[in-house]
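TrEMBL annotations:
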BINDING   His171, Asp172, His175, Glu187  Zn(2+) binding site
Amino acid sequence: MWRQHLAKPSLRLYQRQCALTSKAVRVHQLHSTSTGFTDRCYDDLYPGHIHTTPIQKALLAVGSGVAALQNPYRHDMVAVLGETTGHLALINLRDRMRNDPEGNAILTERPRIRLSTLDLSKMASLPDGSFGREYLRFLEDNHVTPDSRADVKFVDNEELAYIMQRYREVHDLLHTLLGMPTNMLGEVAVKWFEAAQTGLPMCALGAVLGPLRLNARRLQSLFTSLGPWALQNGRRSRCILSIFYERRWEQSVEDLRQELNIEPPPITLSATNKKSTKKYE
């Protein structure tokens with residue numbers, strides 16, 4: 001909390017941060033209230049696209065960055081930050097996908113990972129250890145759903161916008177592959193992997209600042225085992241966006257890790273709340 005008797009320069013800085021955060025929140029309100037295929041914010045790039053100038057993108061990046069730092073679980077602000085800072089990284093990811101036959105097929109077919117596109121009954125019937133069954137178990141154990149990922153709005157290129165959307169939708173699949181839950185330590189480990197793998201500034205920021213929220217015991221686990229493992233595997237693994245995961249549900253997690261050149265995690269982390277009985281119908 002800010003104290004009442006602040007120096008004027010500090011007060012002005014705080015007021016600027018509040019103003020930027022307010023702008024980011026207002027943009028998010030527009031972002032979240034126009035999720036359908038409407039014409040209100042559609043300027044022919046893709047449905048829902050909101051055109052912004054470089055100055056507007058900079059303001060959005062700073063404002064959403066401040067909000068995300070205050071609350072890392074504000075996925076809406078993290079999404080805006082990623083869209084407004086990731087242009088060069090998205091170009092690099094697009095080139096890697098184009099140079100991979102499977103990745104190029106994804107760019108052509110544009111699959112989406114949503115509850116409406118998943119056969120949950122079939123995934124539940126798969127044997128333990130299969131990628132589809134372990135992904136479904138991850139969703140249940142961690143109280144998450146693929147439908148929570150916001151649609152891209154601020155990327156000024158249709159193909160790059162899809163790549164950003166694909167990155168968001170495979171994030172939970174990556175948690176499954178890496179064996180990481182959605183608690184803070186698990187999220188930071190995944191961000192270290194993603195930063196090395198994708199080069200997205202949003203991931204790098206999360207990798208740098210995320211450890212500040214860890215206690216001493218978890219920091220030790222991160223810096224001595226999980227962190228080095230995540231960085232090494234992120235650098236050397238095959239492009240995670242070039243995998244047609246929808247066609248790999250029956251493949252074992254072990255085999256898929258070997259194919260992607262990803263080693264098993266050095267330690268096992270449990271889900272945030274293992275007592276949950278929530279299911280996806």
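Glycine is treated like the rest: Cβ placed from N, Cα and C.
No curator has checked TrEMBL annotations; they are predicted automatically.
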Which listed residue (His171, His175) has most other Cβ within 10 Å, given these are binding-site residues: His175
Other residues, Cβ within 8 Å of His171, Asp172, His175, Glu187 Cβ centroid (Zn(2+) site): Val144, Leu173, Leu174, Met180, Thr182, Gly186, Val190
Distant-in-sequence Cβ neighbours of Glu187 (Zn(2+) binding site), under 8 Å, six or more positions away: Pro72, Met180, Gly206, Gly210
